[in-house]
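One structure is given here, and the rest of the page talks about it.
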Amino acid sequence: MRPDGPTMAAPEESLRRRKTGYSDPEPESPPAPGRDPAGSPAHLHAGTFWLTRIVLLKALAFVYFVAFLVAFHQNKQLIGDRGLLPCRVFLKNFQQYFQDKTSWEVFSYMPTILWLMDWSDMNSTLDLLALLGLGISSFVLITGCANVLLMAALWGLYMSLVNVGHVWYSFGWESQLLETGFLGIFLCPLWTLSRLPQHTPTSRIVLWGFRWLIFRIMLGAGLIKIRGDRCWRDLTCMDFHYETQPVPNPVAYYLHHSPWWFHRFETLSNHFIELLVPFFLFLGRRACIIHGVLQILFQAILIVSGNLSFLNWLTMVPSLACFDDAALGFLFPSGPGSLKDRVLQMQSEIQGARPKPRFGSVVRRAANVSLGVLLAWLSVPVVLNLLSSRQVMNTHFNSLHIVNTYGAFGSITKERTEVILQGTASPNASAPDAVWEDYEFKCKPGNPSRRPCLISPYHYRLDWLMWFAAFQTYEHNDWILHLAGKLLASDAEALSLLAYNPFAGRPPPRWVRGEHYRYKFSRPGGRHAAEGKWWVRKRIGAYFPPLSLEELRPYFRDRGWPLPKPL
């Protein structure tokens, strides 16, 4: 009889296993879903985007929350009933201009919920829109889940404010938030409120929509620099940027005084990130992840070095679409019942399985394909603009702001100028003994001894517009004369936009004027720095002459602005 039969082999095999310490697993104890057979935590598989959607929604909701918070705090003063540029006047003028058009045509030219609302108390209406936005974005931010209705509401509410916000909402990041928010609508199921909606996997078309967005943002910014200011080509722009950017922060003061070679390295790094790294998106999963990491790090550096509103925080959002569940798993805790564990179970169920097509899945797939076709169609003028030698930046080609062109700092101002508003109680503005006292804004440079502020991602809209006004004239910015009139009346709403009112607790000034100054950072270790001054300033001349409230009344009437009422 041969010794290799089943009966003889079993004891020998059992003895061998005992010697090596090997034993068969108990058939009654299958491995836990979140662990591999050895008992260690299992790793998520690449190629799914359940956790990516949660991170994307939370990041987008955070930016929405900041944007609506800014709106709630500043809209009344800027576009409210007695705002610097009242949106009621803007809407009426728009209505008159298109009086031969139907209501639908007027709405399509400028879509906003305000067409359907009462204008008698615009302050309350604007507050209502902002509070609704704050409530919805808070919910999404805390829970990490949303549906189409909630994300569409956020998008519609913010678009309603942008389209009536006049120059206060004319910044490129407003359109960028609307485009990002529009894509966010298609991330979610129609009704379900679940962080892991099992029957609604994240669409690859939507993910590529986000990737296409970050590609255009970065490449557009890089191309506008190369085509714009010569200093980007000779690598000297960073010699000026930190000092002349709209609202510098304390870190910018020290970065401005970095060695010349460091500024050259910064400029070269900027070109690498904006002109070359975007193409990593099309080179496979690993290169796409590297792209996402580099872009997020780049935006973090920009956040540290300046107060660019929520622009850099918003630009991080589409970069998150570069990461799948396997790449983002480290952000989530492990353990039975955790999100990570549930995703692992879903991945295991999906592998090798072909679920039966559901009606909702078919409809959703059709919607996503339609979105892809729409994005491709609307991208045609954007791509042509990118290829054009006459490229423009921060422009939208449709009233819904769905696909836009972007860019930043195509030209760099080489010196900083500021408009300083001053008031005097003297009855004669030309008297040599008239004492002029400065108003201070929330964040923009004024008093040379005041430390630069650090406010990102918050945004003071008036401070930014004052930066633009400083290298234009007051004729291009008539709202600044409206502000002067409100200061002459000690208007409480307007004064809430400022940091310091020299006439607090006193009668309003009799005259207000605008003075033009040149500002430079003080030199560390120098005389001015030793005196506690961050800035050194020199008067250039008058920006606008001394004005009284009576002189401004006809100017206000012509524009339909409410007359300021002196205290």
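Quick reminder: no glycine exception, Cβ is built from N, Cα and C everywhere.
According to TrEMBL, the domain 'Lipase maturation factor 1/2 N-terminal' annotation covers 169-328.
According to TrEMBL, the domain 'Lipase maturation factor 1/2 C-terminal' annotation covers 402-545.
Residues annotated as region 'Disordered' in TrEMBL: 1-39.
Sequence annotations record features per position, and here TrEMBL assigns transmembrane segment to 50-72 (among others). Tertiary neighbourhood of the transmembrane segment (50-72): same-chain residues 44, 126-127, 129-131, 133-134, 136-138, 140-141, 144-146, 154, 157-158, 161, 177, 180-181, 184, 187-188, 195-196, 201-202, 207, 210, 310, 313-314, 316-317, 320-321, 323-325, 328-329, 331-332, 339-340, 343, 346, 457-459, 461, selected by CB-CB distance under 8 Å and a gap of 6+ residues from either end.
Here TrEMBL flags 128-155 (among others) as transmembrane segment. Beyond the ends of the transmembrane segment (128-155), by six or more residues, the same chain brings 54, 57-58, 60-62, 64-65, 67-69, 71-72, 75, 113, 161, 178, 181-182, 184-195 to within a C-beta distance below 8 angstroms of the stretch.
The feature transmembrane segment is assigned by TrEMBL to 205-224 (among others).
Per TrEMBL, the feature transmembrane segment maps to 296-314 (among others).
If you look at the transmembrane segment (366-387), the same-chain residues 6 or more away from its ends with a CB under 8 A from one of its CBs are 186, 203, 205-206, 208-209, 212, 216, 219-220, 223, 395, 397-398, 402-405. What TrEMBL lists as transmembrane segment is 366-387 (among others).
Along the domain 'Lipase maturation factor 1/2 N-terminal' (169-328), the predicted structure has mean pLDDT 95. Here the domain 'Lipase maturation factor 1/2 C-terminal' (402-545) is broken down by DSSP into helix, strand and coil counts: 31 helix, 40 strand, 73 coil.
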